[in-house]
Amino acid sequence: MLQTKYWNIELRKRLKPVKNMDPEAEGPPIIKVTPLQQMLASCTGAIMTSLMVTPFDVVKIRLQAQNNPFPKGKCFLYSNGLMDHLCVCEEEGNKAWYKKPGRFQGTLDAFLKIIRNEGIKSLWSGLPPTLVMAVPATVIYFTCYDQLTALLRSKLGESESRIPIVAGIVARVGAVTVISPLELIRTKMQSKKFSYEELHQFVSKKVSEDGWISLWRGWAPTILRDVPFSAMYWYNYEVLKKWLCAKSGLYEPTFMINFTSGALSGSFAAVVTLPFDVVKTQKQTQLWIYESRKISMPLQMSTWAIMKNIVAKNGFSGLFTGLIPRLIKIAPACAVMISTYEFGKSFFQKQNARRQQY
């Protein structure tokens, strides 16, 4: 039985068309997914991830707020499972979603009381503004990764193991670079209601005073966290996916294989890059405080200086603050995103195959 299974797998491998196939050779043509279809698949994955992970972060923030009330001007991080966003407390009273009254005994108690007293929609409070940035960033990132992977495989061959690392790094740098100015503008808009004219004046003034590079402030610590994460994530994801397929006797990965590979590779990358995440959070928070109070930024605001200060105050373990919450959020987010994305691509492949038949 095992021998039969082995020959079936080998037969499918031989029958499967390769990317560099001669047009005159026998065999069906390769069914490709277009960049637009990749964008649609990644957009669907981004929305699904946000809808599933956001409630956990909303509950976490509400629990934090009841233990240490957020005063006006305080910053906190809000995450929709795809991106971390710096939110600034400016609204007074209990109108703001993060200040709504309620005494919670724990995570499950908070879920139940929020649903019972405020309605289930409250679990997705604050989601729309962050989706404005998270969805475009994810679409750019995943589409660039797939396009670069296809290009590198056509040049270097299918078996080159470094392709996921290179493609992941380039795609992440591109996505972070595009989104960084939008993050600065979005944070500014949270502090006060700006008209488009006022927003244009703010950006123009900032550029004239500090140059265009000022719009990318905070880019360096974001790159230090996201680029290693991306390189490790994609490499481990591809390796785990192939290994699980081999163990299961499958040539193509199933939804559960993609889900498991995404969760495990995301967890590993999250642990390794956590120190840079801690530094990025501190730097973003300090930048907001200095800018809102119109204080000149001190020289010790570099990534390395902040890291040394954390170790001096809290020891080496201070660089891994928030490890468990980060894992609880990152693992399911990576799993849902990649499995939904791969499912979307598979769906479009089948649609393209049907069109070619008729």
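Each Cβ is built from the backbone N, Cα and C atoms, and glycine gets one as well.
Segment annotation: TrEMBL labels transmembrane segment over residues 123-143 (candidates 123-143, 228-248, 270-290). Same-chain residues lying 6+ beyond the ends of the transmembrane segment (163-185) with a Cβ under 8 Å from its Cβ atoms: 83, 85-86, 133, 136-138, 140-142, 144-145, 148-149, 152-153, 156, 199, 203, 215-219, 222-223, 226-227, 229-231, 233-235, 237-238. Taking H, G and I as helix, E and B as strand and the rest as coil, DSSP gives the repeat 'Solcar' (33-151) the counts 78 helix, 10 strand, 31 coil.
Tertiary proximity for the transmembrane segment (123-143) is limited to same-chain residues at least six positions away from its ends with a CB under 8 Å from its CB atoms, namely 35, 38-39, 41-43, 45-47, 50-51, 54-55, 58-59, 78, 80, 82-83, 85, 87, 97-98, 111, 114-115, 171-172, 174-176, 178-179, 182-183, 186, 190, 337, 341.
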